[in-house]
């Protein structure tokens, strides 16, 4: 039987801590637009224990932090995640674990502006795997150092395939954030993460609003059946699969709409039909394929 999902729903990490089941993606939100979008997401009651996702690569950690501060929400009511950015693949620079730790500290100070003296982030993940296995191990050790020193609660990865995950020196990641939607289901990675108790976050859950996807007859039919928008169906599919979707939105209308997912449920046939849309690597909209990254 499907567990009842609502605005208060969380997922538990293998560490015992919990994370909200729906995130707010901030990629591309910069300047005043980014600040106001984050502030509106909080004030609109986006979810109980709001989850905000950003990254060093997005170059908007300051805006997300400013928006959270402007909202005046209590720090313990929000869940903040960022992604540490490895050096480009062509770079010869190889950060030490201590450098990785120190760089995450700067993210902490940009995002947690509580001024408490005990600033922290709930989750920091490695944005993508470097080709060099030794470098990946050092990156992971750097996050583990920051976690040990108390300014990161949990650590995870993004775009890691099974072999990348197996090669990590430990501890086990709390999260693997990968592209997940009906056309790109990455079943081998999903199965492995579930076996290991690694939570799956879904980026691009709305397939970047691709016209060919949003007009898919199967998706449109299911949306009409439930009197919902196709975006609602995609996010609901992700939730019912056990993923943590991270939709991005900048307008107040989109932000408000993305949270209206809890007054309907996809039935078994709906889920089967959506599962049948899987196109493997051909269904990607991000251009990132963990299985084609060096191991």
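Glycine residues also receive a Cβ, built from the backbone N, Cα and C atoms like all the rest.
Feature annotation from TrEMBL assigns domain 'NADP-dependent oxidoreductase' to 33-278.
Feature annotation from TrEMBL assigns active site, proton donor to 58.
According to DSSP, residue 83 (site 'Lowers pKa of active site Tyr') sits within a strand segment. For 83, the entry in TrEMBL reads site 'Lowers pKa of active site Tyr'.
Taken from TrEMBL, the feature region 'Disordered' covers 85-106 (among others).
According to DSSP, the secondary structure content of the compositional bias 'Basic and acidic residues' (90-105) in residues is 9 helix, 0 strand, 7 coil. Residues or ranges marked as compositional bias 'Basic and acidic residues' by TrEMBL: 90-105.
Cβ neighbour count for residue 127 (substrate binding site) (all protein chains, 10 Å cutoff from its Cβ): 19. Under the heading substrate binding site, TrEMBL lists 127.
Remote same-chain partners of the region 'Disordered' (273-295), defined as residues 6 or more beyond its termini with a Cβ less than 8 Å from a stretch Cβ, comprise 128-129, 131-133, 159-161, 163-164, 167, 178-179, 181-187, 189, 203-204, 207-208, 210, 213, 216, 218-219, 222, 233, 237, 266. Look at TrEMBL and you will find 273-295 (among others) tagged as region 'Disordered'.
The average pLDDT computed for the domain 'NADP-dependent oxidoreductase' (33-278) is 89. Taking H, G and I as helix, E and B as strand and the rest as coil, DSSP gives the region 'Disordered' (273-295) the counts 10 helix, 0 strand, 13 coil.
Residue pair residue 83 (site 'Lowers pKa of active site Tyr') / residue 127 (substrate binding site) shows a Cα separation of 5 Å.
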